[in-house]
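Database features, via Swiss-Prot:
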- 77-90, 284-296: NAD(+) binding site (BINDING)
- 98, 108, 137, 226: substrate binding site (BINDING)
- 226, 250, 254: Mg(2+) binding site (BINDING)
- 144: site 'Important for catalysis' (SITE)
- 194: site 'Important for catalysis' (SITE)
């Protein structure tokens, strides 16, 4: 019997709705690849605050529970920045979903395409070497979720505090993910910590070293976070899989994204043990360009490719989607964010249609 995939679609705010409108609409996957896909749309983020008074309504969470995975757009914008931090869309919508579904593994690929080499802020002699980095970030532990935390204002010298806590079991499970991914790439993994200062990083390094013995074919190296940040700028081509904690991964994955030249090209997947995932573009809601039909949908489309690879377990189809994106770029099609002064750019809708047409021809 053909598997039926039920997907929760969460467009959110800003450019999210228009990008998910051009997400191939799953039409190609349904018609050309004969996949059985049901999609249901739910409100999240600022638009949900306006309608329901909260960023993550019960109806949305219940819908996600009934789904095989989530395709997410973006949340947030100036309209809701006056709210207390724990009620703002970015924090009140995403963090509870990550915690509820135990989405402990965040995968953020950062690839510099040869056709877009000129966009990288790196020196030309560095960018010309290219790079293809996969950041594997532990997503549900560490300082973002550690207790106690607080902000004490009713004293002369105000103070605030957060707690970085990791259990060995949390480190083990993300380490296994990282090593297995490295086995499907270049058999090389770099673990990033601050073991010269932080006790949590001492445990991190000890645990990763222990897990590495189960993967003798993968070469493991360690870097401190400050040195890793420097080396990503200096020698990005030397990296393959980067394995790191929640806080450090938050920083390094954005650094890797920006040296590609456009965050609008980069997808993201957050997964649990059962292949349930939240798939989203790495960029934000970009309210300044929302509704103008100029946003880059490629990150959203590549997020679908990740969904097909990791939840549906159909790597060949995922490869086809990624190849269609590469061919589109080789043919010279660009959205505004990746076009230079001499190139004519196409709209959000147009580039989505072009990628779909190329994908159809691959079958």
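Keep in mind that glycine also has a Cβ here, set from the backbone N, Cα and C atoms.
The model shown is predicted, which means the values in this text are computed figures rather than measured ones.
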- Note on the structure: Expressed in angstrom and rounded to a whole number, the substrate site built from 98, 108, 137, 226 spans a maximum Cα-Cα distance of 27
- Query: When the Cα of residue 98 (substrate binding site) is compared with the Cα of each of the recorded positions 77, 85, 89, 144, 294, which one is closest?
  - Reply: 144
- Three-state secondary structure, which DSSP defines for residue 286 (NAD(+) binding site): coil
- Mg(2+) site shell beyond 226, 250, 254, criterion: Cβ within 8 Å of Cβ centroid: 225, 229, 247, 248, 249, 251, 252, 253, 255
- Sort residue 108 (substrate binding site) into helix, strand or coil using the DSSP assignment. strand
- Message: Please identify which of 226, 250, 254 has the densest Cβ environment, defined as other Cβ atoms within 10 Å, among these binding-site residues.
- Response: 250
- Same-chain residues at least 6 apart in sequence with Cβ under 8 Å of the Cβ of residue 194 (site 'Important for catalysis'), in sequence order, are 201, 224, 225, 226, 248
- Message: When DSSP is mapped onto helix/strand/coil, what comes out for residue 85 (NAD(+) binding site)?
- Response: helix
- When you put residue 108 (substrate binding site) at the centre and draw a 10 Å sphere around its Cα, which of the binding-site residues 77, 85, 89, 254, 286, 290 have their Cα inside it? 254
